[in-house]
Amino acid sequence: MKYIELAQLYQKLEKTTMKLIKTRLVADFLKRVPEDHLDFIPYLILGDVFPEWDERELGVGEKLLIKAVSMATGVDPKEIENSVKDTGDLGESIALAIKRRKQKSFFSQPLTIKRVYQTLVKIAETTGEGSQEKKMKYLANLFMDAEPLEAKYLARTVLGTMRTGVAEGLLRDAIALAFHVKVELVERAYMLTSDFGFVAKIAKAEGNEGLEKVTIQLGKPIKPMLAQQAANIKEALLEMGGEAEFEIKYDGARVQVHKDGEKVIIYSRRLENVTRAIPEIVEAIKEAIEPEKVIVEGELVAIGEEGRPLPFQYVLRRFRRKHNIEEMMKKIPLELNLFDVLYVDGKSFVDTKFIERRKKLEEIVKPNGKIKVAENLITKNAEEAEKFYKRALEMGHEGLMAKRLDAVYEPGNRGKKWLKIKPTMENLDLVIIGAEWGEGRRAHLFGSFILGAYDPETGEFLEVGKVGSGFTDDDLVEFTKMLKPLIVKEEGKRVVIQPKIVIEVTYQEIQKSPKYRSGFALRFPRYVALRDDKGPEDADTIERIAQLYELQERIKGKV
């Protein structure tokens with residue numbers, strides 16, 4: 001299958017904002033895809049190369065990409081860089097450079113999707129001495145044979161800046177439409193495997209019957225079940241039917257552990273492989289968990305000198321560390337508090353009641369210094385739960401989780417079967433979708449940032465406010481440096497930013513607002529932290545903001 005066909009799809013997707021049209025375009029394309037291409041083409045359509053849980057990265061920045069194009073075309077790198085000032089898009093500028101190419105090689109052949117994909121895999125797997133030079137040559141070979149339109153979208157794929165408006169929800173619907181299968185079965189299969197390529201192949205080859213049989217696969221992370229927030233203990237008990245399991249809500253980073261004999265893989269909430277960053281937890285898991293094949297979930301907490309929990313940002317520092325890991329192990333010791341089990345020796349526990357999963361977890365885990373089972377209380381008594389809540393807060397934890405005893409595990413769902421109970425309203429994780437230049441001595445820096453909430457159905461990020469407080473001067477320097485390469489266009493003092501960076505904000509309240517398409521605005525938002533453990537699709541959604549607004553109004557009504 002020729003790459004120009006995929007490039008033409010990207011072009012059509014970029015030209016329409018209509019979700020139904022985009023879905024039909026992707027579905028029609030998928031129908032024509034050969035079966036042996038289906039395991040990777042869904043990722044290329046999303047603008048990626050690999051699933052989010054795959055460790056491989058291309059490791060190609062703008063400068064290396066421009067050098068590769070220069071090698072392929074003979075156009076000076078500075079000319080390509082200067083062109084971006086006019087086009088506002090490196091992909092467009094590279095397409096122009098390809099048009100200026102003197103001539104194609106005598107041995108030139110049309111690009112195929114398979115060749116492009118295999119070359120990108122080769123680039124990701126090229127490491128060590130001289131790797132940058134090799135990557136540049138691999139890319140140059142592709143650009144030598146590329147048409148301008150192909151070059152534009154190949155460049156965007158390499159940089160991860162596709163911008164065609166195709167998100168997970170749209171791809172899910174397109175797979176269902178293309179292969180005449182139920183959308184809820186595509187959704188379920190994807191939530192269990194986090195692998196659109198695998199799901200698309202099953203949908204085409206085996207239809208609804210095949211999708212119904214899809215189950216957990218060791219080594220492929222399951223989308224985590226999420227919780228809403230309750231106003232208080234009484235509301236949580238009422239929602240749970242009068243009795244619930246309460247467990248400590250730790251201020252850490254959620255992880256999913258896959259153990260297959262001596263092999264252990266640990267995924268973050270974002271489903272990134274963080275195994276190498278936390279070797280002591282890997283070893284502790286091998287000692288603490290007896291069965292050979294297991295998937296468990298827990299909260300990874302950083303522990304301070306007096307044994308009290310440190311803020312979750314300390315865990316993120318451990319995740320980010322690539323070198324001197326042993327030194328970081330001493331500086332920031334970790335503890336894993338397990339709270340769920342999803343798979344044991346060939347049996348899935350996803351459709352098992354929570355109370356039975358909890359018992360199984362306690363059966364298979366032998367706590368040690370690094371691995372514990374989350375402390376819990378099963379009760380019908382609100383006063384007893386209040387005492388447990390108070391003790392959790394005194395110990396330095398965030399609050400409690402309330403879990404319905406008969407609840408099955410619902411991958412990717414944020415329902416009311418799990419509820420958070422915290423003393424404050426939940427902070428929000430939002431995406432920076434724009435920025436405004438500062439004034440005076442800060443005129444060369446961004447001074448405030450436009451916040452967007454995610455709409456998973458359309459893949460859009462809808463504005464919910466602007467944040468300018470909570471940043472230090474150093475923060476503004478860092479954010480300006482981080483966001484400048486992501487500028488899509490400038491409109492006076494305001495710039496439109498490609499949605500890539502997630503930040504955590506606090507706020508005084510959520511208000512309904514006709515000013516924004518989202519329908520909501522944050523009153524007095526304040527920056528708390530950079531959430532580089534989350535991708536834009538992991539940001540809080542419009543639906544989540546609506547839920548928090550309702551919770552806020554309920555709390556007001558009870559004051």
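Cβ coordinates are placed from backbone N, Cα and C, and glycine is handled just like the others.
Copied over from Swiss-Prot:
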type     : residues                                               : note
ACT_SITE : LYS249                                                 : active site, N6-AMP-lysine intermediate
BINDING  : GLU247, ARG254, ARG269, GLU299, PHE339, ARG414, LYS420 : ATP binding site
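On the structure: features taken from Swiss-Prot.
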residue	record	DSSP (3 states)
GLU247	ATP binding site	strand
ARG254	ATP binding site	strand
ARG269	ATP binding site	coil
GLU299	ATP binding site	strand
PHE339	ATP binding site	strand
ARG414	ATP binding site	strand
LYS420	ATP binding site	strand
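Cβ neighbour count for ARG254 (ATP binding site) (all protein chains, 10 Å cutoff from its Cβ): 19. Packing around LYS420 (ATP binding site) is summarised by its Cβ count: 17 other Cβ atoms lie within 10 angstroms of its Cβ, all protein chains included. Within the group of recorded positions (LYS249, GLU299), the Cβ with the highest number of other Cβ atoms inside 10 Å belongs to GLU299. Rounded to a whole value, the Cα-Cα separation of the residue listed as 'active site, N6-AMP-lysine intermediate' and PHE339 (ATP binding site) is 10 Å. In this record, ATP is bound by GLU247, ARG254, ARG269, GLU299, PHE339, ARG414, LYS420; the longest C-alpha to C-alpha distance in that set is 19 Å.
With a cut-off of 8 Å between CB atoms and residues at least 6 apart in sequence, the same chain places PRO224, ALA253, ARG254, VAL255, ASP533, LYS534, ASP538 near ARG269 (ATP binding site), listed in sequence order. Shown in sequence order, PHE339, ALA374, GLU375, ASN376, LEU377, LEU400, MET401, LYS403 are the residues of the chain, 6+ apart in sequence, with a C-beta less than 8 angstroms from the C-beta of GLU247 (ATP binding site).
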